[in-house]
Amino acid sequence: MSNRTFQRGDPIGHAFADPALLAQALRHRSAGTPHNERLEFLGDGIVNLLIAEALYHRWPKADEGALTRARAELVREGALAVIGRTLNLGERLTLGPGELKSGGHRRDSILADAVEAIVAAIYLDCGFERCRAVVLPWFEASLAALPVGKAEKDPKTRLQEWLQARQLPLPTYALISESGDEHAKQFHVACILEQPVARAEGQGTSRRLAEQQAATLVIAQLDSNT
């Protein structure tokens with residue numbers, strides 16, 4: 001197949017004219033340069049655009065809030081990591097010795113970043129139209145599973161709306177600790193309510209994920225008391 005990098009049955013579904021793009025997309029910063037962080041940055045924007053466009057056309061009657069929640073659900077770290085596993089990225093990543101030893105090829109954050117980097121690599125290799133044609137099928141099952149126009153609100157939003165409906169003070173999110181290397185951060189956050197009095201702690205690979213987990217646990221406390 002000319003000089004393109006492609007293996008029959010490759011779940012990525014694209015034959016790279018420039019093999020260096022794919023190699024860089026799969027190279028974690030722990031393995032040295034050129035790594036995939038710049039590609040990840042570009043890919044994040046492209047994925048958000050692709051999903052926003054798909055939802056806009058599929059849900060013609062959905063309001064902005066429903067579209068935003070649906071996009072957030074589809075592009076969250078965990079959802080992208082599932083795609084990364086479907087594409088068998090874990091076994092193809094180039095990792096440094098430390099990440100190899102700690103099981104970085106299984107970590108959601110690394111897999112999600114690699115998915116975004118590969119999206120950018122495809123875009124740079126062949127343009128937006130081809131990128132859309134290759135990437136959207138990765139999300140098809142998740143898109144089809146979403147109730148039309150009724151994507152579930154994230155825990156922080158649900159908690160905020162529960163409190164606002166009762167005219168109660170909004171929660172406070174406090175960072176307890178931040179640990180780990182730059183490429184493998186762990187955040188420990190507390191969600192604190194004044195009224196009703198409640199507190200829960202969450203952890204995650206980003207502060208947002210830790211806050212969402214803490215909010216989920218506070219909601220569970222509120223549900224158990226009603």
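Going from the start of the chain as shown, residues are counted 1 onward.
Just so it is clear, glycine is given a Cβ too, placed from its N, Cα and C backbone atoms.
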Swiss-Prot annotation, Mg(2+) site containing ASP113, GLU116 - matching residue among GLU37, GLU40, GLU194, GLU201: GLU40
For the domain 'DRBM' (154-224), mean pLDDT (0 to 100): 89
Among GLU40, ASP113 [binding-site residues], residue with fewest other Cβ within 10 Å: GLU40
Listed in sequence order, residues not in GLU40, ASP113, GLU116 with Cβ within 8 Å of the centre of the Mg(2+) site Cβ atoms: ASN36, GLU37, LEU39, PHE41, GLY43, ASP44, ALA112, ALA114, VAL115, ALA117, ALA120
All-chain count of other Cβ atoms within 10 Å of ASP44 (active site): 19
Number of other Cβ atoms within 10 Å of the Cβ of GLU116 (Mg(2+) binding site) across all protein chains: 24
